[in-house]
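So that you can see what the record holds, here are the features copied from Swiss-Prot:
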ACT_SITE  HIS65  active site
ACT_SITE  ASN138  active site
BINDING   TYR347  heme binding site
Amino acid sequence: MDPYKYRPSSAYNTPFCTTNSGAPIWNNTAVMSVGERGPILLEDYQLIEKIATFTRERIPERVVHRRGASAKGFFEVTHDISNLTCADFLRAPGVQTPVIVRFSTVIHERGSPETLRDPRGFAVKFYTREGNFDLVGNNFPVFFVRDAMQFPDVIRAFKPNPKSHLQEPWRYLDFCSYHPESLLSFAWFYDDVGIPINYRHMEGFGVQAYSLINKSGKARLVKFHWKPTCGVKSMMEEEAIRIGGTNHSHATQDLYESIAAGNFPEWRLYIQTIDYEDQNKYDFEPLDTTITWPEDVVPLQPVGRLVLNKNIDNFFAENEMLAFSMSLVPGIHYSDDKMLQARSFAYADTQRHRLGPNYLQLPVNAPKCPHHNNHHEGFMNFMHRDEEVNYFPSRYDPCRHAEKFPMPPNVLTGKRERCVIPKENNNFKQAGDRYRSWAPDRQDRFVKRFVEALSDPRVTDEVRNIWISYWSQADRSLGQKIASRLNVRPNI
């Protein structure tokens, strides 16, 4: 008998219970002991295995995006962008690619209410014919900091106090007071969209600028946008308190039940593109993740649609073990965006920590196309490889290099040094523009929320004055409103 022919596939493929090694169990309700009232015997392997498995069934939580829900479906190209990219899954209208999507809250812990104010994750894994493409983003188009060196710090600032394990506004207001570029992110965070009504009515953004490369090797910067066809909807604090008090998983439940009922969620994918040679023509830095590309300057272009039409079969196998690692395919590449380049390491590294070095062998993470390399063995390797050559090149193995795909030369010059993005951006303009675009009642709600955060007793007068100064530079009336409600005289 070929032992590799019979691989574990289902927990229910025998009519009776077995041990992990397959031995039949005739009693799964009582321990082995010395008589009815005697002690348990160490030889009760069945009990030891059951308890040992139980105490090890949890894996490390994600460091961020711990609370999440997943669903499966497809992406279909609706508009021809073959002039922009040679990516196979975007080659022509009508092409469909299977996907799995994970929605999440960013900061809060696994099991926390989905009604808390928090950015949401929007991650899509495309199982293409040329490998997996992971597009990992959020429901905000911007991030709080622009340099990757500060990424761990901003996450820690938003997470609970390490002494009390309480999430306190003074911590992130203190940290971000050193980062005026965070203003636009706060204009999203404390806006109505800070609490989406569910995942189906939520936008998604790639946040960072990627590169699209076409067949001739021409490269363009690109940003990705997901727009829900059912519209964007959010909930106010009162509704969030009411729903969160009765159901911590309302968004997960809504997603699951909608798909089960045949009400399939759908999003449209749009892109913005900038020619590499045109990067310096704009009054904003295209590689800065703390600002957006104005749509009146860089218009949206439609690409395709994302449809989620199948629920996952097992939450642990297809949500907890689902791993996004910024995977790329020919025709899509990283840009010089510093946050993106750091994420390309961080995402894969955290999956190796959570799931082990062979996390890409797990069915939910493995590519659906043929794949081959000499990365083998290591913890939890379960791929049977009948081979004698595990190196490259070799005259005994027909494996060869693939056909080279277009990759433009990128000539770089500069000193090796630690420095910020050189172009001086206006940290306040887009935040002010966003605030002024709201109706008066929406503006008032934003002011109320930010004033409540600044009213944390641990927030010092110095920090309050810094934030009043920042918001005054974004919009003078906004700064005055915040100062008035705090009974503080603005300095600007």
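Keep in mind that glycine also has a Cβ here, set from the backbone N, Cα and C atoms.
Annotated features, which come from Swiss-Prot, shown on the structure.
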{"residue": "HIS65", "record": "active site", "DSSP class": "coil"}
{"residue": "ASN138", "record": "active site", "DSSP class": "strand"}
{"residue": "TYR347", "record": "heme binding site", "DSSP class": "helix"}
Around the Cβ of ASN138 (active site), the count of other Cβ atoms that are within 10 Å: 23
Inter-residue C-alpha distance, HIS65 (active site) and TYR347 (heme binding site) (nearest angstrom): 12
All-chain count of other Cβ atoms within 10 Å of HIS65 (active site): 23
Other CB atoms, at most 10 A from the CB of TYR347 (heme binding site): 17
Rounded Cα-Cα span from TYR347 (heme binding site) to ASN138 (active site), Å: 15
